[in-house]
Amino acid sequence: MKEERPIIALDFSSFEETKAFLDLFPAEEKLYVKIGMELYYAQGPDIVRYIKSLGHNVFLDLKLHDIPNTVRAAMAVLKELDIDMATVHAAGGVEMLKAAREGLGQGPTLIAVTQLTSTSEDQMRGDQNIQTSLLESVLHYSKGAAKAQLDGVVCSAQEVEAIKAVTPTGFTCLTPGIRPKGSNIGDQKRVMTPNQARRIGSDYIVVGRPITQAKDPVAAYQAIKAEWAG
């Protein structure tokens, strides 16, 4: 099911920056936000509790990757924060993914990271010694995530159609690296606009700097939301 709101990546490290950004929005505007490593490691669980207290949805993007028992226990702790979505690394293997599902339970959405959108095929082959194509690697990880009963994967929008062709109906694709037309792509290698991501079948999109660093973040958010909605 397509999420109508773009997920905003809160690429901050301080509580003050985070609060100042969220305070720009009307109280009745309930957002879906991503808390990544920088903000979570700086502020800890309290930042999740604060944002949830405002009525926003929280995607906690920590990309867990460890032995199954450790991941299971960590997910059980994160479940107590009432998060709406969490991530693990698909490279941890099917048993680790199953353990993550057991720890988090069936309520929150659980998705696996396949290949980062900052990774090119040449980098994957050189750094990871994976000699298939980038798409084949992503499809392999996606099928493993589906086998482990995860809800979906993080992937580039260019890979969405192929992933949906080899996974069960309802398997979701969350797409980072979304940039409005004409914006700076930064360190992302595989990017699309919100309109392109919608047309190709992405279920969630994540947008950070084009919103958080905009002169008018609320206007930027509303414009991207409208483009995403079609």
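Each residue, glycine too, has its Cβ placed from N, Cα and C.
Copied over from Swiss-Prot:
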type: ACT_SITE; residues: K63; note: active site, proton donor
type: BINDING; residues: D11, K34, 61-70, T117, R179, Q188, 208-209; note: substrate binding site
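Known features from Swiss-Prot, placed on the structure.
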residue	record	DSSP class
D11	substrate binding site	coil
L62	substrate binding site	strand
P68	substrate binding site	helix
T117	substrate binding site	coil
G208	substrate binding site	coil
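Counting only residues at least six positions away in the same chain, the Cβ atoms of G36, M37, Y40, L78, A86, T87 sit under 8 Å from the Cβ of L62 (substrate binding site). Residues within less than 8 Å, Cβ to Cβ, of D11 (substrate binding site) and separated from it by at least 6 positions along the same chain comprise G36, E38, L39, G208, R209, T212.
The Cβ of K63 (active site, proton donor) lies under 8 Å from the Cβ of M37, T87, V88, H89, V113, each of these being in the same chain and 6 or more residues away along the sequence.
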